[in-house]
Each structure stands twice: as structure tokens, then as C-alpha cells.
Amino acid sequence: MSLCFLAALSPPCLVRVSVLYFLFYFEGLRSHELRWMDPNISHTHTHADVFSETTLACNVEEERYSERVYTIKEGETLELQCLVTGHPRPQIRWTKTAGGASDRESSLHNETLRIQNINRHQGGRYYCKAENGLGSPAIRSIRVDVYYLDDPVITIHQSVGEAKEQFYFERTVFLRCVANSNPPVHYTWRRGREVLSQGSDSGVEIYEPFFTQGETKILKLKNLRPQDYADYTCFSSVRNVCGIEDKSAHFTLSNRTAPPSVKLLLDDPLVVNAGETITLVCVASGGDPHPSLKWMRPDGQQLPRRSVVKGGTLTVPAVAIDDGGVYSCVGSNNVGNPAKKTTTILVRGLRKGRFWITPDPYHNDDNIQIGREVKISCQVEATPPEELQFSWLKNGRPLRSSERMVITHTDTDVSPGTTNLDIIDLKFTDFGTYTCVASLRNGGTPEISIDVNISSTTVPPELTVPRGRSHLIAQEGDTVDLQCLVSGKPKPIILWSRVEESGVAAAATALMPDGSVQTESYDGILRISNVTREMSGTYRCQTSQYNGFNVKPREALIQLVVQFPPAVEPEHTEIRQALGRAFSLTCRLLRAHPARLLRYEWKLGTRLLTVGQFSDQRDDTNYHVRALNREGYGEYTCDITNEAGAGRCTFLVTGKANPPEFYYDTYSALWQSRPRVYGFKLQWTQMEPNAVDRILAYRLGIRQMGQSRWWEQEIPMEGTIQKGELLTYNLTELIKPESYLVRLTPITRYGEGDSTERIITYSGRLPRFLSFNPRTRTQTHTHTHTHRNTNTRTLYLTSDPDSCFCDLSGFYMYIETSRPRLEDDTARLLSPTFNSKSSSVSNNPTYCFAFYYHMYGKHIGALNVFLRQKGQAVTDTLVWSLTGNQGDRWRQAKVKIHPTTAFQMVIEGVRGSGIEGDIAIDDVAIEEGECKDPPPNSEYALDAKLLWLLQTHTQFLSETSRTCFEYFLFLSSVNMKDAQSLRTIASFLNLSLFH
């Protein structure tokens, strides 16, 4: 195990592997770069990875208009993956903006966004947001461009002002081809087998209107000629991008070609009774080609659910009143404009019968009195309104208009229809029951009858609230009845509403509990179930002006007060404390009703600690612990009470340590110690280590995935762990290619703390200690670094048991000196920016920067290393340099640096005078502290022949865990000179040789 005190806490970074920088990581330090990972696309079908010359690539990411754009074919599966660095591990959120004026947003919390069968409307800008509570969130975006091509449509038009019935000879005709697509479509016209192009025929013009942006292609036939009557084909193409095939549409132009015309075989309007079956027939009366017919309703309304459409016939069985309205038949054959005929369906019926009594308007009195006038009004909605008719009855006998009994009706064009009965000079003999009867002239629907009693007891309404019920107090969750008593004859309907309080915000919430503005009640009672605090306020009850007296509404007000227990914070929180420390607990009152006479009570478990009463100036209560002992651990509660109940703050005081936080950004965490096993560098930081007692050890548990057995051991800790301190433990003897579940639990004198788990997965090819991004290149200089696989089989040696490698795979970086490179051309590799731990100039930290280099050839230039510090100004300091041929071997260089501020490492290669000689580097690393002296044979390197001998005459038979590499070699067909060379190598590598 190795422990290093490093500033491991870092804000989140989004990693994009295609960024053209050379990036390498220092163990334990974190960069703060925003980068993207290339989106990973899964296809719903297989297609070639390499396209022909006429095929444009799909599923590619590119820089377009200063933004990242990803293209994908409609119907495929999109996967956007966001690689994130940062510690603690950031949380990921995906959002999508449609890109229009009314942006829509959807969210997904995952590192990978997957959209199956993507459609064109799902294109747009996608954002990946990562945050871990440190610094500002990291945000990256990419625009997804969905490619598609719809079937083209050909439409035919004549020039303006010419005959529409037929396309006569010597007329100008326009053939328009339209196809929706992305990217813009390319069109090709054919007449028969002849390809039409601009200028190929003097009687043909082809043009694309500018405003359509390439989405339409118009073929203009000037003064139709006999040869223009032919078969036309429009081919639409997006040039096979994303493998989207070309599509085509056909049209035959003849001297019979004509726009559509339709007619309806029915009455307009069509008046039917509810429950009948109606049939609407539409036929094409002209047009070539034969038009297609479609029925529709205005404003996007759907046809009745029960309707059946067959050709131009629409059948609606059991028609309902709501099925009435306008219906249109549209005929289209892509020639000229579509033909449209409209009809109206009227479903006969009567609805909403109402009445009201109006006392003598010439006297300021709401009562009916003998000798004065009284009017009875009756109102009904009718369809069709012109069929509405009224009749009046008195005590069941027909009543005719007279000088004292005047009957009038509103015009039939006015809806709803109203009839009035004016009784002039009311007499005692006029008392009785008057009935208003509404019906439709042709029958077929039930009548509506409304009875109105006129007598000495017919009096206007009065509205009161029962005694003691004008101010109601209820507890939250109760069922409350608000009641208004109404008298009078006839008894009117009561309308309930809420009184708007002053202020816009209050007015916006002045709705009834059911969400409506007004509620009707026939018994004067408004029942509210499960009442909430938001329902507190003033309610109004008032008489309606229909089904009663047509007088000024009577109204009354009821005040509803909903009491609720105190709302407090925090409702539940956990406090971690070490023994012997002092701390305070605070319970804060947010709101309560009533807010007077509030009491508080503190307890530890069931043991009462203290009680008290809130003052008007305080909205919180505190409990202080001077020195925590073991009996002080447990659950503290604070209850704040009023008449409605209690609100509780709960504090769980514990000495358990917080969970450790695994560090997921360790570079080259995996290594291979022997052929069948691998190791893993496990790193973590401790969350708030100073909150509790010193962590004495960690309990490490490891379980192979798919098995149930755990192996456990303790990792002792010496000294006090600091916040942000990066802890490291090397796991060995992991079997390839198995994955493992690792659990880490901190231990204090209180006991075990909270555990954290993570999965370790074998990744196949193991990287060396610190290798290069094989896709990175610098673009800021005149020369490039190139990555190359180590097929040259250079063998790197090390004496460190934790990081020894004999891995012959992987990559190294080199500068290419071939043409067009010139002398003194330079290439630079830049690291990310790192924060130095320096707190003062006199206490600068020391780091050891190490790397391997290979400089062989007579034209070798120079290899330089700079320390770039970012203070008030950026300075580059040369810390190491080497020129000329250094032999055909890999050598290690170590440089001690003392950065005083944020810094980068810059490796610079300079081309020499010719093409013979490349400069290569590999295994870049940095460690805190002084540079250790290399082992005596650390610069031992193998020439190509000896390495070939080692590869071709070596057979690995067994391994041991005592050293990094101990192999048995069999030598066969080796001459004496080569055998002696191999013995020398074996002696150096601690290998055993057998003949």
C-alpha cells in the first residue's frame, strides 16, 4: 500500500477523447479540462463501414459552424456517452433543447443517453451536465442532425389566368416535385427515358425557387407540344448519405389531364334526429387522374369515433348532438388545387331549460304584489334554432296571449330562444302554476316543460348563514361543510366561489377546491374533503339569477381557517461527532397556524432533556452539548407543538465515519503482474475525516462477481487522514479476466463506519505506467508527434515491484522527420494544468518528472523539457535538454522540479538536419518528492537481435509472486554466441535457462 497526500478533490470534467491535445495524468493530481468522448452509435441494421465514392459517411462527428454536430439516419439507435472525471464522482444529467422558439427539455440521469428508432423531431442540441458540488458544473453540448428522405410528390399547375378544366394545346404547365429531407434533396427529371437538364430542350426550363432552399424542383413546360405529353419521373436523392437510397415519383401528362372536381349527393344542411344513422356521399365529378376523396372536419377535429369511411362515403351510426357541425369532402389528384365541398349536419335537440321571475320593473320592490306587473321568462337552447316553438299552460290548460296575458318570443335567429309571459295588473285569480313547453316543430325529440308557481307565497330569495357558522376552524385533513340557508319561493340555485384576496399572487389562487371558478349547489352546502392549508380563505355563496327571481343576487360570506401543525426544519438530519467535542442542535420553525403558544420539547431517545415556550421574537430553539460522551450518541428529537399538532426535528448523532469516496480517474490503474493475474491500484479519499474520531483502519472486502464468498482484511492507518488526502492500496492476485466487487469500510474507536462499493473490471490490454493517448496530436506547431505500436519489441525494465512491466504491447510517441518536415521544425506535447500544493515561496513542493527517450540516428535534433508556470504571466523554463545521437537504446531521464503555482509540463522535439533519426518518448510519469536514484542496470537495453532471440527462444512455463517477472526459458537451435548473450540477459532479469 502507498499513501500520498494530494489535493484529490476536483470539480467535474467532461472528457472528450477526440480533442487534439497530448494529455497525460500525474498520479493523484487532477486536471480541469472540458472534453468530449466521441458518441457511440449502435445501428438497427448492418451496413458497410466504408462507402463508395458517391456515398457520404453517416454516424460521424464533425466541427460545423463552430459547433459539434453528429449525423445519424432516421430509425437508427443513437447513443451519446459522456465520459466524466472529477472527485467525488460527478452526477450526470442529460437535457435536450429542441432549438425552436418554444424549446422543450427532457432529462435523463445517466452517463449514456440512448434513443432507439430516432426520428427527425428528436434531432437538436443535447447537453451533458456534470456536477459534484465542487466549483461550477461542467457542461458540454452536441447537436444531433437526423438525416431522412421522404417519398417525393409531383403536383401539376397551369400558368395563372388560363383554363383550369383541361390542359389544352399551347398552354404552359408547371410540374413541381417536392420531398422533405435532411440534408437538402437533389432532384433529377426524366421524360420517358430521356434525362432532362437545363438547356437540353428549348421548350423546357428547370429551376429551383430560392425561398424553398432546395426542397422543390420545378419543371416548366412552355407552350405544350405533342412530345410533352409523356411519362415524367422525378428522382430525389441525398447522394446516398447514411445509405439513404434514392426515391422517385411518376406522373403521366396527357391532353386529358385536369384538376379535380367533386359534388355532394346530400341535402345541405342535413338535419337529423339524435340516434339516427347518417350517410354522407361525395363523388368525383371530374379530374384526370381520378381524384382521391377524403372527409375531414375543421380545425383538426377528428371524425366521430364510430364513423366508417369507404371511398367518398362517410357513415356515422347513432349520431349524437356533439357529432353535429361542418364536414368537408376534399378531392385531390395533384393537378391544380384540391377541390372541396362542405356541408353542415344539424342534430335536432333541446338543451338547458331555465326560467326566471321578474317583478314589476317600474317599482323598487322585489316582491310580487297584486295590481302590479310580473314577468315570467323561459329560455331553451335548440338545434336547429328556427324549429324552436313555445307554448304556455296555466294549471295544465293552454294559455293564449291577451291584453293582460302578453306572450312574446325572441327571433328564431337568436340562440338560445326565449319566451316571455307578461302578467299585467296581477289579480288574485292569476295565481297558479304556469308551464312553459319547448318543442321542435317537426317533432322527433322530447319536449322540455318548466313549471313556475305564482302565488302569495312566491317571494324573492333571502340568504343567511347559520349562527356560529360564518367563521369556521378546521384541522388539516378534516372534512368541512360550508352552509348557506336560502329561503324564498321558488328556491334558487346557490353559486359558491372564493373571494379574491388583494394582490396578484393571491388572486391567481382564488379557485374552488375542485379547480373551478364557481360551483353550483342545490341545497346550499359546499362540502370540502381532506381540507388543506391552501384552502383557507373567504368563500362567497350567492343566489343565481336563473331558476328563481330575476333580482339582485343575495350573497353571504364564510371565513374558513385551516389549522396545521408547525412545519419545521430539519425534519431529519445526521450529525457525526467525535467523543469529547461540543456541538449544538437547532430546530427552526417555518410556519404554523395558530402561531401562538408554541411549545418545544427536547428528548434523547425517551429521556426528556428540556422543555420551553417560544417567544414572539424567536423562530428556533437550540440544544447544546458541551462534551459528547458515549451515552450522548443516539436520536435527539425536538417537538414543536400548537393546537393542531406537532412538528418534529430529528437529529441522529453518531460517531460512525462517513463513507470513503472512490477515485475513478486513476491513470493506468490496472497492471499485469503475471500472465494469468493482474493488479489494480485502488484509490480513494475520505469524506469529512475530521468530523469523527481518527480513522484507525479500513476493512477491505473483495468478492469475485458471480460468487458469494467475500475475502476481507484490514488496512491499518497511521496518523490523521486529511480532507482531500488521496489514499492508495494495490490489489494483487486478481484473476484475468474476472471482475470484482470491492467494499471499503472505515473503522474508528466508535466502530465501523459507512461502506462504499465499486466494481473493478479487467479491460483486456493493460496500459503501461503512463502511456499516451494514441489519437492525440498537437496542431499548434509546425511538426507533429505520432503514435506507433511497440512492434519493435523494446523491453522496458524497472526494479519497482509496484510498477514493473514487461508488456510488449501498447504505444509510444515519436516525431516523424520525413518530408515535408524541415530542419528546426518543432513538435510539443502539453500536459493538462495542475495545481501546485505550494502555500508559500519558501515551501515549494518537489516533484520528480520521469520519462524514457530514444534518440538514434545521425540527424537527431534536440529533445527539450519545459516547466510552464501560470502565475500573473505564463513562463516556460527549460529544465532538461539533450541533443544528438544517443544510440539505439531506450534511456530514462529524471528531472526534479519545484513549481510555485499552477503548472504544465511541455515536451518538445526539434528536427535535425536530415531524415535519418527519429526521437521517441514513452512511459511518462511524475511523483511527489525527490527523484530516486535509478537501479544499477536501469538503463540496460536490448538491441534488436538480442530481443529477437529472447522472443523466439523463450517459453513461459511458470511464474511466482515473489518478483515481478521470473520465467523459465528453453533454448533451442541457438549458436554459442547467441546463447552467451541470452545468458547475460537472463542473469540481468533473474531468469533461469534450460537447454
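In case you wondered, yes, glycine gets a Cβ from its N, Cα and C as well.
So that you can see what the record holds, here are the features copied from TrEMBL:
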| type | residues | note |
| --- | --- | --- |
| DOMAIN | 39-145 | domain 'Ig-like' |
| DOMAIN | 152-254 | domain 'Ig-like' |
| DOMAIN | 260-344 | domain 'Ig-like' |
| DOMAIN | 359-455 | domain 'Ig-like' |
| DOMAIN | 461-559 | domain 'Ig-like' |
| DOMAIN | 566-654 | domain 'Ig-like' |
| DOMAIN | 666-766 | domain 'Fibronectin type-III' |
| DOMAIN | 809-933 | domain 'MAM' |
Highest Cβ pair tally under 8 Å against the domain 'Ig-like' (566-654), stretches 152-254, 359-455, 461-559, 666-766, 809-933, lands on 666-766
Under the DSSP assignment, what numbers of helix, strand and coil residues are found in the domain 'Ig-like' (359-455)?
6 helix, 49 strand, 42 coil
Is the domain 'Fibronectin type-III' (666-766) in contact with the domain 'Ig-like' (461-559), using three or more Cβ pairs under 8 angstroms as the rule and ignoring pairs under 6 apart in sequence?
no
Number of helical, extended and coil residues in the domain 'Ig-like' (461-559), per DSSP:
8 helix, 44 strand, 47 coil
Taken over the domain 'Ig-like' (152-254), the model's mean pLDDT:
83
Under DSSP, the domain 'Ig-like' (260-344) has how many residues in helix, strand and coil?
6 helix, 47 strand, 32 coil
